[in-house]
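Participant: In case it's useful when we look at the structure, here is the feature table from TrEMBL:
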REGION    1-170  region 'Disordered'
COMPBIAS  36-65  compositional bias 'Basic and acidic residues'
COMPBIAS  66-107  compositional bias 'Polar residues'
COILED    170-253  coiled coil
COILED    324-369  coiled coil
DOMAIN    369-716  domain 'Kinesin motor'
BINDING   GLY471, GLN472, THR473, GLY474, SER475, GLY476, LYS477, THR478  ATP binding site
Amino acid sequence: MEDQRKPLATKNGEGNSRLPMFGSKLRPPSTVKRPRSPEEKQDNKRRCLDYSERTVETRARKSSETSKVSGKTGSSLTRQRSETSLNRSTVSNTSLRSTNSGSSLRANNVRPKANTAVVKPTAKAASCTNTRPPPARGAQGTVRLATSKTSSSNKPPAGNGGGGGKKRPAWDLKGRLEDMEAKLEKQTNNREGLVNQMETQNQRIISLESMNQQLSGTVSIKENIVSQASEEITDLKRKLRQEEDKHDEVQRGLQREISDMTFLKETLSRQNDSLQSDLNARRVEVDGLKASVAQLTSAQAGMGAELENTKLRLEQAVTSNKTKDTEIERLRNLLENRDREIEEQNCQIRSHETERRKLHNQIQELKGNIRVFCRVRPLLGDETLGNDGMISHMNFPDQEQRIIELDKTGDATLNESCLTKKGGNNAQSKYEFGFDKVFSDHTSQQQVFEEISQLVQSALDGYNVCIFAYGQTGSGKTYTMEGTSVNDVDNRGMIPRAVLQIFDSTRELESKGWKYALDASFLEIYNETIHDLLGDEDLKHDIKMSGQKNSNEVFVTNLTIVPVTKEEMVYQLLQKASKNRSVGETKCNERSSRSHSVFTLKLTGENSITGETSQGTLNLVDLAGSERLKESGSEGQRMKETLAINKSLSNLGNVIMAIGNKDNHIPYRNSKLTYLLQNSLGGNSKTLMFVNVSPKEECFQETLNSLRFATKVNQCNIGTAQQKR
Ligand code: ADP
Ligand code: MG
């Protein structure tokens with residue numbers, strides 16, 4: 001038990017220093033009394049009590065063991081021990097009494113066991129508490145002390161005999177016997193008293209032992225409780241630390257939150273300020289709005305009335321709408337019928353278009369597949385001087401504009417035959433020529449074009465059309481074909497006008513199911529050599545026949561072919577051609593007058609509804625100047641040019657005449673021009689020749705030549721043109 005208690009004492013840090021060990025020297029109690037707190041006093045009291053109990057228990061155990069060893073019975077042992085203890089107690093108490101007060105000794109005598117055991121704890125307890133020994137408990141201690149005193153006082157003085165302190169003589173046997181009996185009786189009385197006392201003590205010991213056992217049990221329970229409490233304390237301390245940590249953590253978190261909240265508060269405060277100012281502004285605004293609302297409310301009232309009115313009108317409208325719906329339905333049916341009719345009519349139109357093409361062609365054929373138009377240009381600039389711009393030697397007598405008369409007064413060195421001759425020696429020659437159309441010097445480009453537009457239409461219908469401009473240099477060929485400038489709308493020539501008409505017509509024909517692709521090319525034949533007027537580089541060009549079967553299509557190698565999708569593109573092409581010509585020759589007009597330029601537009605059409613196709617070609621040819629150049633006297637380049645021009649122009653006439661005469665052989669190959677245009681001259685083509693004449697009188701002879709050439713061409717009847725399908 002002591003081992004179990006030691007840790008407790010040690011734990012408190014007091015046990016070893018304050019509780020004396022058995023056998024240690026007893027110290028007298030300190031006379032100086034230190035003031036104690038009530039708790040401390042209570043603690044000390046408890047500790048002393050514990051110690052006393054422990055001591056009692058130890059002693060009991062030891063005695064128990066001893067009794068076991070000696071084999072004596074418990075009761076005898078107890079009795080013996082009690083006696084011994086009693087004796088010792090008497091001795092010790094006596095000795096102690098000499099140094100301590102009586103009350104202290106009485107307290108010590110409360111101890112139920114041997115005197116040593118009683119005295120020691122008291123001393124130790126005194127040492128432990130530094131107080132006086134505990135006070136006496138019970139009256140028995142007092143009785144015992146009294147007994148001890150009695151015993152001590154009843155003791156006969158040393159050397160005394162019986163009988164009143166006087167030693168009996170040896171012979172006084174009777175006296176001595178009486179003394180002895182008295183003594184014995186006293187002893188017997190004493191003994192009985194002692195025995196009684198001992199029994200009392202023994203009973204007390206037994207009750208104390210049982211009490212001790214009870215206390216031991218209580219102590220062990222308490223110890224367990226203490227141990228558990230200690231563990232609980234440790235646990236609680238640990239928990240406390242954890243809780244403290246948590247608390248710290250929470251506190252830090254709260255600190256952070258506080259600082260955050262502070263910041264938030266400041267921010268909110270600022271926001272509040274701004275909101276406040278905002279609010280003020282809003283209030284002002286609200287006031288304004290309130291005023292507006294008031295206005296609007298009054299306006300709303302007006303609107304309400306209007307709305308009512310509108311509702312009324314709406315109801316009327318709904319009623320009228322219903323009527324209209326019925327009407328719409330009726331009209332829809334009507335429209336559907338109309339659509340059907342339109343579709344039928346479109347169908348008819350398409351068939352009419354085919355019919356129109358046939359009739360148009362018949363008219364063209366009746367007009368002749370080769371036609372010649374004569375055009376006289378006006379006098380220009382200085383040419384008008386002295387004549388007021390009137391051409392004196394030319395007449396246009398008929399209303400139909402088909403005849404041109406030339407008058408030549410004076411000694412004309414003309415050998416040609418005259419249509420009429422007036423006068424005698426002073427010969428005046430008058431020549432009359434008839435053509436399909438004669439355009440006087442007052443005829444505008446538009447008037448001229450109106451006469452050729454039907455041929456342009458034929459090209460769209462799938463025929464090959466060839467329009468030539470023949471005449472001497474300066475007679476107005478280029479003017480007729482190209483005009484002065486594409487930007488000069490009134491003076492635009494036949495090429496831009498033809499293109500414009502073609503685009504207009506293709507747009508119209510689209511509604512009839514026709515879609516056209518237009519491809520343009522522009523070339524120049526100079527000295528029997530082909531030059532590409534739309535190309536960027538000077539390449540060699542040859543005229544070739546298409547290798548395809550049943551096709552005698554002619555094409556030029558390396559020739560630039562430009563797909564044209566809008567009119568403006570053609571103007572650009574004309575400008576580019578003009579630029580290319582001027583690059584080739586510094587004296588542009590000189591070069592152009594000695595070369596043929598051929599503008600070709602291929603028109604490929606397809607009708608997606610009827611499935612019809614058409615492929616026509618429109619050739620617009622500005623021929624080289626037809627003026628007769630004397631071969632003799634010309635040299636070098638000039639000679640070569642002259643030969644080439646004469647050859648090609650005369651060959652053109654020959655080809656046309658051969659066609660008219662229905663010759664077996666048509667000399668197309670004799671010149672590049674006729675070879676190139678072979679498909680546009682002859683049976684399956686329509687040919688128009690402008691013979692341009694100069695109004696200048698000095699050009700009379702050349703004019704005459706031109707008109708004669710044109711007449712020759714006009715007299716040819718080229719076979720019926722065939723539409724290409
Ligand atoms: P060619 O091409 O036959 O050599 P041009 O067409 O160059 O002749 O005509 C020569 C000049 O006469 C040009 O300045 C041209 O503008 C002008 N000219 C020709 N025909 C007419 C006409 N019908 N109206 C006005 N000017 C014309
Ligand atoms: Mg010209």
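Residue numbering: from 1, along the chain as shown.
Any Cβ shown, glycine's included, is placed from N, Cα and C.
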Participant: Provide the three-state secondary structure of GLY471 (ATP binding site) computed with DSSP.
Facilitator: strand
Participant: Over the span of the coiled coil (324-369), how high is the average pLDDT in this prediction?
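Facilitator: Residues in the coiled coil (324-369) carry a mean pLDDT of 83 in this prediction.
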Participant: Let me know the most crowded of the binding-site residues, choosing from GLY471, GLY474, GLY476 and counting other Cβ atoms within 10 Å.
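Facilitator: That would be GLY471, with the most Cβ atoms nearby.
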Participant: Could you tell me which three-state DSSP class GLY476 (ATP binding site) falls into?
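Facilitator: Looking at the DSSP assignment, GLY476 (ATP binding site) belongs to neither helix nor strand, so coil.
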Participant: Most Cβ neighbours within 10 Å: which of the binding-site residues GLN472, THR473, SER475, THR478 is it?
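Facilitator: The residue with the densest Cβ neighbourhood is SER475.
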Participant: For the binding-site residues GLN472, SER475, GLY476, LYS477, THR478, which residues place their CB under 6 A from an atom of ligand 2?
Facilitator: LYS477, THR478
Participant: Excluding GLY471, GLN472, THR473, GLY474, SER475, GLY476, LYS477, THR478, please set out which residues of the same chain place their CB within 8 Å of the center of the CB atoms of the ATP site, keeping sequence order.
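Facilitator: What remains near the Cβ centre is ARG377, ALA469, TYR479, SER593, GLY625, ASN692, SER694.
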Participant: I'd like to know which of the binding-site residues listed (GLN472, SER475, GLY476, LYS477) lie near ligand 1, counting only a CB under 6 Å away.
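Facilitator: Only SER475, GLY476, LYS477 meet the Cβ criterion.
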Participant: Which residues does LYS477 (ATP binding site) neighbour through Cβ under 8 Å, counting only same-chain ones at least six apart?
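Facilitator: Set apart from LYS477 (ATP binding site) by at least 6 residues yet with Cβ under 8 Å, we have ALA469, TYR470, GLY471, ASP622, LEU623, PHE690, ASN692.
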